[in-house]
């Protein structure tokens, strides 16, 4: 019986060690599952952030194009207004010269 005692103890101890190993493996698997799930969620967040970045860059490009277009139109309108102002000044100057000439002619006719 003395041999069966140590063998039985050894067998029970080996069984206990196997159970502990199995429990540790299950915990590791559970921890890895959580880790992979967290990793996948992080990848989804990164993907969403990248898609938002692409959308914002596209909107920025469109707004920049619109600003450049409006700036060009504004500059053309300013040039046109400047030309209109110059033309008005020339016409006003011509009108004043004609008026002065008419006054001078009227003065000589008297």
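Start at 1 and count along the chain as shown; that gives each residue its number.
From the backbone N, Cα and C atoms, a Cβ is placed for every residue, glycine too.
Look at Swiss-Prot and you will find 1-12 tagged as region 'Head', backed by sequence analysis. Taken from Swiss-Prot, the feature phosphoserine covers 2, 4, 10, 11, 80, 85. The omega-N-methylarginine annotation in Swiss-Prot covers 12. The region 'Coil 1A' annotation in Swiss-Prot covers 13-25 and is backed by sequence analysis. If you look up Swiss-Prot, you'll see 26-39 marked as region 'Linker 1', on the strength of sequence analysis. Sequence annotations record features per position, and here Swiss-Prot assigns SUMO2 cross-link to 29, 110. Per Swiss-Prot, the feature region 'Coil 1B' maps to 40-79; the stated evidence is sequence analysis. The N6-acetyllysine annotation in Swiss-Prot covers 53. Taken from Swiss-Prot, the feature region 'Linker 12' applies to 80-86, supported by sequence analysis. According to Swiss-Prot, the region 'Coil 2' annotation covers 87-110, on the basis of sequence analysis. According to Swiss-Prot, the feature region 'Necessary for interaction with PNN' maps to 88-99.
According to DSSP, the region 'Necessary for interaction with PNN' (88-99) comprises 12 helix, 0 strand, 0 coil. For the region 'Coil 1B' (40-79), same-chain residues at least 6 beyond its ends with a Cβ under 8 Å from one of its own Cβ atoms do not exist.
DSSP labels the residues of the region 'Linker 12' (80-86) in these numbers: 7 helix, 0 strand, 0 coil.
Averaged across the region 'Necessary for interaction with PNN' (88-99), pLDDT for the predicted model comes to 75.
Within 10 Å of the C-beta atom of residue 12 (omega-N-methylarginine) sit 10 other C-beta atoms, taking all shown protein chains into account. For residue 85 (phosphoserine), the nearest neighbour among the recorded positions 10, 11, 12, 29, 53, judged by Cα separation, is 53.
There are 10 other Cβ atoms within 10 Å of the Cβ belonging to residue 10 (phosphoserine). Reduced to three states, the DSSP call for residue 53 (N6-acetyllysine) is helix.
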